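Database features (TrEMBL):
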type	residues	note
BINDING	G110, S111, Q127, Q128, F129, R130	GTP binding site
COMPBIAS	1-11	compositional bias 'Basic residues'
COMPBIAS	12-36	compositional bias 'Low complexity'
DOMAIN	37-191	domain 'C-CAP/cofactor C-like'
LIPID	G2	N-myristoyl glycine
REGION	1-41	region 'Disordered'
Amino acid sequence: MGCFFSRRRKPPQGGQQREQQREQQGQDGAAGEQKAPQYSWDQRAKIDPKDYTFSGLKNETVGRLPGKVAGQQFVIQDCENCSIYIFDHSATITIDDCVNCQIFLGPVKGSVFFRDCKDCKCIVACQQFRTRDCRKLEVFLCCATQPIIESSTGMKFGCFQYYYPELALQFKDAGLSIFNNTWSNIHDFTPVSGENNWGLLPETAVVQDYVPLPSSEELKAVRISTDATKSIIPITRGRRQKSSDESCLAVFFAGDYTTANARKLIDEMSGKGFQLVQTKEVLMKAEDARRVFQQCASEFIPLLEKGPVVALEFNGDGAVEGCQSTINEVFSGTKVFVSESKASASQDVDNFYNFADMQMGM
């Protein structure tokens, strides 16, 4: 085998001078060139994962103020005896190997996943909630889909109950409806015959007894209330036993004041001693309306094009009459579906929530 050597060809006479001139011109041209164009994605602030992680903490109070997470993913891991507060919306949050912690998680657009945690008390709002290999978690929950536990024991759940001024907008930024909360509809992937891996917190449970307000000066700036009447999420009974065999369905249709009207009715009915069992915000089609509203459907079908409806189930003796009178007095100029009688109300509730569960894939 031979070796090949390349030899630069000697330029012809006079060519060497021209080549030097071209090289000089190239250098001058490069010096005069403008800077490379700048694009918007080049100017974005760089994300430092450490700003979105709490790891290896012990006996500390830490958190993030409103606007500091802004829809990013967050990780909490290997923390012990800590109080942790995320006062902002986020994409997803994973909580791994935490022991004896108190945790508040503002609205999460995607999933919240607890793994290998024990003896923690939490307040959580999310699209999806899941635990695996956890023990003794007590959670005040708002979850848009069915919460799932797997290989977990001693789990207790209550309805999300919290307020601070930025929270309502954070729910919108996370794409979560305050009326879609299946906090008590738990699915256990790994049930044990003769045992129950989960239950409900006492109705008298006080949120601050489980997750105290933050003690650090920085986090005290968040104006928090755990008063049930101020909670962003309406407090529902969920799957607790109903106090009466009479329920009533009320449905508000999309408009400028749908949320305000629904909350006003909740306040009025609660003030009269009736209990809010469940709420739902969902889109309906004409065929859905015919199935749910039956003979009244034609009156409401034109309203469905404006957006989702908000449905409320109230319970208590005289709930139908109480709801009808309240709507006539307070919402006289607003189109609202209300159960006509005690006899039809139970079917109204079943028709609507069966449809809503199918619509939302429950």
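Glycine is treated like the rest: Cβ placed from N, Cα and C.
Among the record's GTP binders, G110, S111, Q127, Q128, F129, R130, no two C-alpha atoms are more than 11 Å apart, and one pair sits at exactly that spread. Excluding G110, S111, Q127, Q128, F129, R130, which define the GTP site, the same chain contributes T92, V108, V112, F113, C126, C143, T145 within 8 Å (Cβ to the Cβ centroid), listed in sequence order. Long-range C-beta contacts of S111 (GTP binding site), restricted to its own chain and to partners at least six residues apart, with a cutoff below 8 Å, comprise T92, I93, C126, Q127, Q128, F129, R130. Within 10 Å of its Cβ, the residue among the binding-site residues G110, Q127, F129, R130 with the fewest other Cβ atoms is G110.
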